[in-house]
Amino acid sequence: MKFTVLTLFPEMFAPVHESILKRAQAAQLIEVSLINFRDYAASKHKNVDDVPYGGGAGMVLKPEPLFAALRDLPPSPGRRRIVLLSPQGEVFQQRKAEEWSRWDELVFICGHYEGFDERIRSLADEEVSLGDFVLTGGELAAMVMMDAVARLLPGVLGEKASAEEDSHSGGLLEYPHYTRPPVFEGMEVPDVLLSGHHRRIEEWRRKESLRRTFLKRPDLFAKVEFRAGDFNLLEELIREHPELAQERSRWEHLRPKPKKRR
């Protein structure tokens, strides 16, 4: 996959040349192209912004440099998606990262200053926001989104399961992790993780994911589609967290049918 970023500050993207993204580029699993759209400004002083019509605070990005920069992109050999990073856009979530991971090229337009000339919006296929807060520019948001998408690509993490088990990948928060030593300052690793019993370990992890999501992110828990095997785990959680009982109707249909007597 190719990530193309239109930005006024390409030097801010040093982190994409470290860690997992660095290895992914070395293995030619991803490509990162940084384009300073100031280079496409036609004025003598390379101005990319101007005062807003009608007055007001701040400066507004001019349309000409970004239109020129996008038109100068080489043809994409596959499917290209152009994303305008904007606080007015759809809030970025894991499902969006999964959707984007199926494209061949993502082009991020990073804003700065007070905002964009409205005509710039016509360049994008979609507008996306990192969250309901305001950043100085789109660069940090672009890096976060690139990381979230890249780790879903085959071979980037090394193990497909690593991405599949991450928080939010299945609508649930991730289960707790432990490593050596088995006891640290009186805090012990759960016995089940030391048992070597793979089915019990998987059940424990699923139960803890359900627990964490219910306690920490009830908004996510309200959207979870439960599996057939979740019924007993959820009933156990009700005994530990009685307030969960009010949700029981959501998984009652998963109750195992009583075995017929012969």
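Heads up, the Cβ atoms here are built off N, Cα and C, so glycines get one too.
The annotation S-adenosyl-L-methionine binding site is assigned in Swiss-Prot to Gly111, Leu130, Gly131, Asp132, Phe133, Val134, Leu135 on the grounds of sequence analysis. There are 19 other CB atoms within 10 A of the CB of Leu130 (S-adenosyl-L-methionine binding site), with all protein chains counted.
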For Leu130 (S-adenosyl-L-methionine binding site), name the DSSP secondary structure in the helix/strand/coil scheme.
coil
Work through the binding-site residues one by one (Val134, Leu135) and point out the residue whose CB has the fewest other CB atoms within 10 angstroms.
Val134
C-beta crowding around Gly111 (S-adenosyl-L-methionine binding site), within 10 angstroms:
24
